[in-house]
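Scroll down for the structure; my scribbles are underneath it.
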Amino acid sequence: MSPQTETKAGVGFKAGVKDYKLTYYTPEYETKDTDILAAFRVTPQPGVPPEEAGAAVAAESSTGTWTTVWTDGLTSLDRYKGRCYHIEPVVGEQNQYIAYVAYPLDLFEEGSVTNMFTSIVGNVFGFKALRALRLEDLRIPPAYSKTFQGPPHGIQVERDKLNKYGRPLLGCTIKPKLGLSAKNYGRAVYECLRGGLDFTKDDENVNSQPFMRWRDRFLFCAEAIYKAQAETGEIKGHYLNATAGTCEEMMRRAQCARELGVPIVMHDYLTGGFTANTSLAIYCRNNGLLLHIHRAMHAVIDRQKNHGMHFRVLAKALRMSGGDHIHAGTVVGKLEGEREMTLGFVDLLRDDYIEKDRSRGIFFTQDWVSMPGVLPVASGGIHVWHMPALTEIFGDDSVLQFGGGTLGHPWGNAPGAVANRVALEACVQARNEGRDLARESTQIIREACKWSPELAAACEVWKEIKFEFEPVDKLDVKKN
């Protein structure tokens, strides 16, 4: 009989409702190395103390419910309950708090992102006592992360497979994203790869529609890959989107890609689901396929600052579930992403050990031990004038992906690819020579234009294109 059971038997069961903070707010608690730690941005309803709100989050995402129950006496709540162990006000905001919650490791199934999220964020976000709730960060202990395979291959293995080192990889999303026949789609893939790109990509919503069934697309893209490889002497790839309506169909598509001998497949991990993604990642490791991950639907979850879940949490979850690439914003393009915040979760994707750094939005020190890293993909509204900034921001271990910035070239797809490859090589050379990419960006690109008419034409087309909007989700700073 557990100590708690003995206590219950001694004093008798007392029915009723009691404040969550009496059981789940424990500021004296010292976190364990094996705890999963969570940082929640809590906005309580008027009249709800922050301690009660934080305790409610801990309770409703672990062992608690709205009233006392008889069966509490049949287990040890002290062993299994979540604990709100610290609360702090959010800088520059009124009635917002960061509530830190510790969860015992035994609450979670090994190797299951699905179970982890079902517990931590599955129910509590609809709790009436909270006006809004956002999961800002998680600390995944090595004791839990080691139960996951993680990325199928990781950064170093991918570079070895491709035999490409010392620079970012270049990609292109085929446009228009919907409506092309499989043959015309394959033609665009070939032209881009022949022009100097490393990868081309299915858009996230290209699955198997009436205008282009998946098997036809796979065959024409494989033909384009082999033809471009033969002409350039470089290893090429196309992200064949295996996302489907069922897990069984998804695996059939991945198997077809393997039989065609292509190097990489793709999955929409949020719309497809973490269970499907983990299954696909395991298949990819066992069969030598790289796995590109698109984050379609992420902004529904992560864009609002006071409610939902920050992308750094989704990025950590993806690294655990498995993926070799994931879209991570651009900072300079058309999609949301503040620089320091973006660099924070880029490091969480790539590095083995990341120190706590609130200036970049990192709430906890994260040790991935030996889990392979994930290449961040910069994609969305970028073109050749952005190349110096992208090279400086993301470094070598990244994929820079230009869709309209390749296919929108006035001379065609292959010249668009040439322009991007020349711009990238010029930026890498300038950086290696010690030049300041941020300060000399325009000069570096203009110098390269002298040797590449394709780049000069691209620069002329996109010289006035900028996306200068303030990001919605920004780091917390004190307001004057």
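Each Cβ is built from the backbone N, Cα and C atoms, and glycine gets one as well.
The substrate site recorded in Swiss-Prot includes N123, T173, K177, H327, S379, and the single candidate from R213, R295, R303, R350 that the record places there is R295.
Using a 10 Å Cα-Cα cut-off around K201 (Mg(2+) binding site), the binding-site residues N123, T173, R295, H327, S379 reduce to T173. Neighbouring residues of the recorded Mg(2+) site, listed in sequence order and excluding K201, D203, E204, comprise T173, I174, K177, D202, N205, V206, Y239, N241, M266, H294 (Cβ within 8 Å of the Cβ centroid). Around R295 (substrate binding site), the same-chain residues six or more apart in sequence whose CB sits under 8 Å from its CB are D268, Y269, L270, F311, L314, L318, I326, H327, listed in sequence order. T173 (substrate binding site) has a Cβ environment of 24 other Cβ atoms inside 10 Å. Shown are the binding-site residues N123, S379; of these, the residue with the fewest other Cβ atoms within 10 Å is N123. Take the Cα of K177 (substrate binding site) and measure to each of the recorded positions D203, E204, H294: the nearest one is D203. For the pair formed by S379 (substrate binding site) and H294 (active site, proton acceptor), distance between Cα atoms is given as 10 Å, rounded to the nearest Å. Here the active-site residues are K175, H294, and the one ringed by the most other CB atoms within 10 angstroms is H294.
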